[in-house]
Each structure stands twice: as structure tokens, then as C-alpha cells.
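According to TrEMBL, the features are:
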type	residues	note
COMPBIAS	116-129	compositional bias 'Low complexity'
COMPBIAS	417-430	compositional bias 'Low complexity'
DOMAIN	4-101	domain 'PH'
REGION	104-138	region 'Disordered'
REGION	416-436	region 'Disordered'
REGION	637-658	region 'Disordered'
Amino acid sequence: SDHMENICGYLMKYTNLVTGWQYRFFVLNNDAGLLEYFVNEQSRHLKPRGTLQLAGAVISPSDEDSHTFTVNAASGEQYKLRATDAKERQHWVSRLQICTQHHTEAIGKNNPPLKSRSFSLASQGSASSPGVQRRPSQNAVSFFNVGHHRLSTGKRVPIMQPDHLVDVREMMSQAEGQQRDLIRSIECLPVSGHLTSLDQDLLMLKATSMATMNCLNDCFHILQLQHASQQKGSLPVGTTINWLEPKVSLANHFKNGAAQNFPAEINKPASVREEQSAAEPCQLTREPEEINPDEELEDICDDKEDDLGAVEEQRSVILHLLSQLKLGMDLTRVVLPTFILEKRSLLEMYADFMSHPDLFIAVTNGTTPEERMIRFVEYYLTSFHEGRKGAIAKKPYNPIIGETFHCSWRMPKSDVATSADSNSSAHSASEQVTLPKDLEGQKEPDYYTVKFVAEQVSHHPPVSGFYAECVERKMCVNAHVWTKSKFLGMSIGVTMVGEGVLSLLEHGEEYTFSLPCAYARSILTVPWVELGGKVNINCVKTGYSASINFHTKPFYGGKLHRVTGEVKQNMTNTVVCRVQGEWNSVLEFTYSNGETKYVDLTKLSVTRKRVRPLEKQGPFESRRLWQHVTESLRDGDIDKATEHKRALEERQRNEERLRAETETPWCTKYFLKEGDGWVYHKPLWKTASAVQTQQTDTN
């Protein structure tokens, strides 16, 4: 192919945490399918400093910026590279992808499919085929714990024999033991001297070994499911299969560098046994529940997050983290220590973004499209300060699939900002959205009610849906968020993939918006939170839009938590408002007429949410679901919190495994899949429209 050309040039390569980025001379050898690099162009005739086989590799442009990309080899080795600009990055990425595809396809053509081979991973020192030389104990009956009926002796599995999986399990058990010995040997080293437990190469060795064993366990589980699908239909009715499970949970078999002794089932607290023995999905009611706001009480919970302390005080926890993480690694499946958890679920964190309901309700009171867009930008920028609950970078609980959170706010009508010309009664009858009949005839309260519901609609990928509405003001917001986290060296980045839509039914307007990325910086010392990235807010009907930049701190100098933005009319390209400041401190709004408004976020009043008491909550509502973890964290009992957390996660894994084996799809409770997003099952725009249609038919 004309595109299969050898290219070379300088790229920046990320070396390690200490050295950082360095210029290196790279050569793409298409004939050999290799990516090689040298210290500089002059040393090109010498032996390469590094070489990657491109067959089976994955070439990925980075989300961080327009210059960075990664080359992930099939061997597990990764190069993180940076070009001088977006054009050069695209040139390298396209050429690398073409070369990779060519050599990957060549391997596929030259090798028969895996299923046609006969091999054994455990037949060390034996040239005999495992199909000929089999141990009597390794047959289907001994591999499966089969009840009620035996497997038919006349039927043979054509693709994978059960004893192959037993061999794999035995090999993995040996590897797990060796990996544990390796970790102990490293952590027994002194903390100072020539060779220490904090040596960069040893930490990378720990990370690689842990990641490898986690990957092998995931692959083994896939093989189990594949074997089950092959066996489907050949097992008599009523047969039950108990899968072989890993003898040790890889993610949890070390706590702070020491081997854990797991207590017997009878010694576990009753609350843990209750968490593990939850009802099967088929026995759970998935019918939406209407929450009565009158049952909710003002929240008196005020969990202040403690400082994580300096690195010297938490050395063992940091080592535990480093042993699991690799540069660019997806953290979705990484079990982080309980020590760094906030005392709330991620679903409740989304609710805390609504802690200024007066600003939320005031959006629809704007008399002009321009004023409403500016008000929404003001509300949007003030939501992150309370939602983050301080600067300490702690992590909320990962919601369990099916977990929900409900709450509401009551806002005195006198506290909601209005405009000089704003009067809800001034709208004509044709413009008003009629309320449902169950609200008609009731005495109008002197407060507005904002109701909120969130649900974890997917586990892999982790997607949350949340919805809030104020029926009296005919406004609602619907959003879905997929949290993607990555290890970035000295920080952890979380990308909030998804979209939200604010609907103002009085005005027939919809405002679409996205969310910024979040970063936990300085994870080796005292971690702190930073927001970064560009977000957009658009209203198609009015033609107004807003562009907001959350600036990350430069390496040298610069302010923390800086944000800038502007609101403009797209038709005329006129900027009507500019904003600058810090998203957790003071914001300055400058309008087109020259006026300036300052908003001090630290002085804004926070309206406490209203939540039902625990005894009235369902078993999958966040606070009741995580209550034992939260109580243990409040008491400072990290071991007990870890035990309760592990029980919840294990229950989720067991239920997910059962659904996969029985091919049972998960049914959500409050949100429905629409295209690539999730929408609340009974949004205000649908109920209001239905009421209007019904009244029209009656008339």
C-alpha cells in the first residue's frame, strides 16, 4: 500500500513520574511491524532504546489534549507520546494504525483459530496431548458440582474440555501465590537506603503484577461464561452449576501490604450477612415508587470530610494504590481503599449539586431569553462548590446497579429572585402549562418544591441518570453521566461523559449542557480537587449559547480553580455577558451594558435537602444501602467499613454473574433508554402534555 511508508521524527515520550516527558527520535518500521525509538537522530545507527511490536496493538488518541496519543502493545507495554500539534499527531496515528492493522491481519491469516488447537497450559514437560493423557479426577463431574442429574457420559464438549479450565485455575493459583510472595518481599524492604520499598522500578513491578493477575481473572471468568454457553441445551432440566471461584480476591487480598485473614461466615456481623443474602433480581420489585415529599424531613446529616494527612502518615495506603495503578489505566474496575471514601454515594453527590434551588427556580423567571440563559449559567457555575463538599479529594461510593436516591427541597417563594416585569400570572392561558388534576383545588403553599431522583442504570459502563423538577414553576432537568476514570501519574482524571437538558415549559425552551472533567491532584501527598475542560450550554430555540472554560493550574504559576466564560447570541455573534473568577470562591459577571455583578460562593445560603428517614427508605436507596459503611467510617473503623463495602460489591458481582448465565437483562426502575441517553420515565414535559391533550379532548 502507498500508505505503508516508513516514517520517522521526534516525539515527546512520557518516561516516568520523576523524569516526565523527554524528546526521543521515533522510527516506524512497516516491514517488520515495529515502532522503535532512539535518544536522538544521531544514534539511529545504534541499538534502539525501545521497541514495540505493533501486531495486535491499539493506537489511541488521548482525551487530554489534541497532541497526545498512546500505543498499547499486545504485550501490555505502553508508550505515551506527544506530537507538536494536532496535525502531526493525526499523521502518526493514521500511519501506526495502518501498520498495526496490516500485521495483525497477517498473524490471523497465518494462524488457525484457537478452537481448532489442542493444547494444555499445565502439561509441563509432557508432549502428550491433553485429550489423550487426562487425569481421572479431572472430568466434567468433578469440575462442576452437578446436582439432581449427572452429565450424560455419551456427550462430549467439542471445543473446550473442563479439565483445561481446571489446569488454568491451578496455574493461576500458583501465580497468585508467587505474586503475593513478591509483594511481601518488596514491602519488607527498608524505607531508606540503597534499595527501598519506594523504588520506582519496584513500584512499577508491583503495579504490573497486580494488573496482570486482575486481567487473568477477568479472562478466566469469560472462559467460564463461554463454556456455559457451549453447554447450554445439553444439561438436563434442574441441573445446577457451582462455578469455581478464585481462592483469593485479588483486589482485596492485601490490606496495607499485609495478608488478610477472612473471618468465617458465622463470625460476620449480621448486617454483612444481610447484605450478601439480598433477594435475587427476579424477586425484586422494579415498579417505580412515587415518593411523597411530605414524608421527607430536613436532612440533619452533616458529614465533614477529614483531612487525609501527609504522605508519611499514609505511606502504606499510598503503596497499596501504586501497586494497582499503571499510567493510563482505566480505574473503573480498580478497588480503591476504603480510607479515601466520602460518606455518601455518587448519586447523592449529584443531588448536592442542587443545593441552591433558589437560583435553579429563578432561571424561568427571566423575562427575556438572554436573561434566562445568563441565569442558568449563574446557577450552573454555583453548583460545583457545594457538590464537591470541600477541597479534599475523596471519592464517593460507586453506586450499585439499581441503587436510587430521592430527596427534595422546599424554597420559600419570597426567596426566589424575580424580574421587574416577571409575573407568572401575566402569561396567557395558551402559554401556561396546566398542572395535573391531583394538584388542582389544593391550597397553594408559600414555598416551591423541587423533587430529585437518581438511579444507577448501568454497571459496566457505570452510568447514572438523575432528574429534578419543580412542578409549580413548570421546569425540569434530566441528565445521564458516565464516569470514566484514568490514572495519569501524579493525578487521577475523571471524565463526565453525558448530557443534561433543562426544560422551561413556560417558555418552550430546552437548554442542553455538559459537565467538566474532575482531577484528583497530588495523590502522593495531600490530594485536592480540580475541575478542567470546556463545556457548552445551548438553547436552539432562542439562539443563545454559553461557552465555559474550567482552567487547570499551569505547572508554574497561575491561579487555582479559575473559570472563564461568555454568553452570546449566535445569530449576531454578540457577546452579552462575560464571566471570570474561581468556581469555588468569587465569580464576576460583566454584562453588555457595562454593569458588573459579583457572586461570593462561600457566602451563598445552602438549602438543606429533605430525605426520608432510613426506616422508610427502600433496600436499594443509597443511604439505607450504604448505612453500615457510612456508620463505620463515622466511627473511624476502616476495617469494618471495608468488610461492609466488600459484601455489597460481592453481592453485585454474584447477581451480575447470575444474569449473564441466565441471559436475563437488567430492568431499570425510573429511567428508560432513549438512543444513547437515559430519560426519566415520567418527565414533566410528558405529564403536562398528556394533561393538556386530555383537557382538549374533554372540551
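Glycine residues also receive a Cβ, built from the backbone N, Cα and C atoms like all the rest.
Annotations in TrEMBL come from automatic prediction, not curation.
Note on the region 'Disordered' (637-658): DSSP counts are 21 helix, 0 strand, 1 coil.
Mean pLDDT across the domain 'PH' (4-101) comes to 87 in this model. Taking H, G and I as helix, E and B as strand and the rest as coil, DSSP gives the domain 'PH' (4-101) the counts 19 helix, 40 strand, 39 coil.
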